[in-house]
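Features of the protein shown, as given by TrEMBL:
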type	residues	note
DOMAIN	11-359	domain 'Kinesin motor'
BINDING	Gly115, Gln116, Thr117, Gly118, Ser119, Gly120, Lys121, Ser122	ATP binding site
COILED	887-917	coiled coil
Amino acid sequence: MPTTPLPGIDTVRVAVRVRPFSQREKNSGSKCVISMHSRTTTTIQDPKNPEHRKTFTFDLAYWSHDGFQKDKDGVFISADPSSQFASQKDIFHDLGRGILDSAWQGYNATLLAYGQTGSGKSYSMVGFGANKGIIPNVCEELFQAIEKREGNQEYQVTFSMLEIYNEQIRDLLSRTKKPERLKVREDQQLGFYVDGLKSVPCENYAQIERLMEQGTKIRTTASTNMNASSSRSHMVITIQFKQVFLDRDLTKQSSINLVDLAGSERQKSSGSEGDRLREGSRVNLSLTNLGIVISALADAAMGKKVLHIPYRDSVLTKLLQPALGGNSRTTLIAAISPADICYEETLSTLRYAERAKKIQNKAVVNTSMLMREAEAENNKVLLACGNSRMAELPACLLADQSLGWQTGQVTWAHQLEQAREEWQQQYLAIAQERQMMETFPHLLNVNEDPQLTGVLKYFIQAGSCDAGRAASNAIPLLGLGITDKHASFTNVDGKVTVTPHSKCKVVVNGVPITTTTKLQHLDRVILGSSSAYLYIGFPSERGSEDLNRFDYDFFQLERAAVEGVSMDKLGAMSHGDGMADPSVLAVFQDYVKLMPLVAEANQMGEELEKGLRMELKVKNLASSDSRGYDLQKEVMVKVTNQRTQEVWIWSKAKFINRKFLMEELYQRFLEGEDSHVAQEDDPFWDPVEAVHLGSAHVWLQPLAYCMKLEEQVEFLSCDGTEEAMLHIHVTPCSPAGQACSEEDVVIDTAELLGKRMDFQIGLVRCLGIKWLKEGAERGIQMGYRMYDLSSTFYTKPVWKTVNPQIEETVQFTALNASQDFLNYLQTNALIVDLWGLQEGCAQLSCSQPDLMVTSEGHVMVDTKKISALVDTGQTTSDQTSELYMKLFKLEQETEQLRNVNRALREENVLLRQALEKIGSPQQAHEPSDALKVTQRTAHLLAARAKNDRPAPPAASSDRELTDALKIFYQSMNTARGRFLRLRHYKPPEDDRMLRPFVYQQSQRLRDVGELLDRSLQRLRSDVARIAKEKRACLLHPQQHPQADGLPQVCEERA
């Protein structure tokens, strides 16, 4: 009897494969952030910081991004000998053959495919079209090798296929209409196994191919019924391969597990950030726990102390226990996207793979003697039947152990006979389906997962046939929003039409229909919320079209276009170089991707009678920052309770998390279980909160010249529509709060540098608030932030008034105006945000722990230099502000004294020189240098004294120039506002409306141009007049006694 071999240490083998750009990524102008400089290294570049790169080393690295072409059979091959392209054949050669070699030796073998949705996992595992993946190639080559074997040996191959979704196991080979939920059991010898899972004996590859087609069809039907995307489920194919050596009374048993894991982005920790129900969904549980198990095993392999490996915490990890740290040779293939917009997900996948490669398994050759195997088989049957039924067991199972191998032979032969009968029935059904496809028009399903597209076929035979949920329909359909009698299809006189029943949702080529509509070959039909089908016309209408282009994205883009959502509307072509903005295109992709999900969520809410309406919005679609630059756009979901008019705004991540929870609740509803949940556990509910309605921009440039600004500005919503009008004033003032006069206006902002500036921001009134018009029990607040202050200043709440008086003013003080602050005033706007309040929500309040105030109680801004000089923690705010004022006053006086001292020194030197030259004739006619310096010193002293008393009024010409500049700045501010509003006008989708739109835009631009021309012309005229008057006063000062002292001013201005 052979001895059991000692287990060896096998680390998990890890390979990484990068796919080509998807069509969506190409349209987005995505850049590749992945590079592979050898067969083992993978480098990823941070698109936001190109200098930051990270390199990973794995067992294998496959470059499948570019450098390929199609051969005559449609197989992708290298474009030239120098290409690094890794084909499906290369992947199988390195990974698939390794699995087969392990199986022939008697080892268990496992292949796991990991990566985000759309990264190419299923393509590597299953393949597409002529490009077969690892699973079909492994099965085909296994039977080819069996056929070539000779000798006194027998080979037994069984095939099983299951899916794990939401911690539930579905047998994909079960033909029952309502399959039972299978359970995971544990046996001391067998470990974890799925009780009741169907395992089908196979004699050739063609049979396995049919089983995979059958499993895929059941998976497609189930995902439609459950409204569950295949990207959120795990598919496990298990091939049991037994070699029976009759001459040696010996068997070798190998279990080959091929696992296509769910999309990894579902387990991202930030996927439900900010959601009170972030731990609610079980959809993520399997992948999350798989990551925990892998991390724990990696730590154990590195010598760290690990107390517990949580295999039992999920269905997936129970079944994968042998593959992770157990009796198996395991390979993981990590599929990654090359696109910059997928950087975070790709980096996460690479880190996941890096942890997995540290895991150590203990694989052994699984051999046993035939008699011992028969005894184990008997024990399994006894365990299943129970001791009380021993008398009913077949005699062959209780016979002498020497006849055990004969029992095994009879059992295997019986299983094969049963399987052959099923195969015969399937072959007849397949032949009949192919004949009908060549005869009748039909509908082909289109799924988000390309592997599940074209699996379901619904034939439209002559006459009329109904489609819907009812079993009596000629076309039985399942899916969200599909009613018992949803629509009727008629096939009469070579024409096929579709007619929706009642108010049922039917969309043809992106356009909702309500009446009978004729279908053309390759029309796109959507029934219910998101069940998509491609119509295949009569054989005479068909050609050699490429049906692959009508994928799920095609359907959604078509719907988006009809609904008026396009990349142009989002501002994708806003770059001056004509290139598309990748960030905007990424938002467009998110929008299109979420459209069907929002439709499904609305339908679930309708059937569960939640009374909600969800709609997609683009945050910051028409919003800009304080300098006028576009803000980062992102997709969000606006949720409205149609009964109470309560509104919530959900982020993309929060909505996706909530939809998982909605699906769980909806599934309970479909299965007749109690779908009632407590309000705090209801995924359709949230506590009411303040809603951001829009923003208004108030440009601060006039304040930089001590000019008052008072105007009405628009509050613009996220999509650029007007929400309300704001009456606001920004007024320069004295420390006591008295408004500055026109005489205080400066021409050069440098005159304010280093000086104290006081100004008031007053919110006077808000007009025409749409939010308050739409709901009676609503209120509003406004908030803004000033320069470097971290706190937001909010107004008091106002309720139930459409045109409320606000009348709230805050005074700000810059004790020592810096150049940065003056630059800010010239180039930035004050952004005032409008918030909508709802009954029961908390009002917004300003937390002011770090605000500094002056002794008068005014809020201090531009405090960077001050903060560097004094430790604010040592004194109270009032004491500190007084110290600041005294300190800066002393600094200014000290600087003036330095200037006086410097002038006196110069005067002293010149006086000495003058004494030496006394008696010179020139001294009687020209003033000495000493006298000039003395005069300058007197000016400095006078200037110092001037700081201690109010300044005299400016000259009349200066006042006139100030008035002219003030008018010009106001005109420029108006022009700036009009020009910025031009961005919010988007071209219409209807070409017929394009000409009027262009005319209106041209008129608006012409108005702005005329305003600029008038403003400049008036400024030129005023400046010319003032210059003429000054010139006259210089030439004839006696005629202008009121201009005494102006010559020096005129010279300086000149």
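Think of each number as a place in line: the chain as shown, counted from 1.
Cβ atoms here come from the backbone N, Cα and C positions, even for glycine.
Because TrEMBL annotations are produced automatically, they should be read as predictions rather than curated entries.
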Site of maximum Cβ density within 10 Å, from binding-site residues Gly115, Gly118, Gly120: Gly115
Densest Cβ neighbourhood among Ser119, Ser122 (binding-site residues), 10 Å radius: Ser119
Least Cβ-crowded entry, counting other Cβ within 10 Å, from the binding-site residues listed as Gln116, Thr117: Thr117
Packing count at Lys121 (ATP binding site) (other Cβ atoms within 10 Å of its Cβ): 28
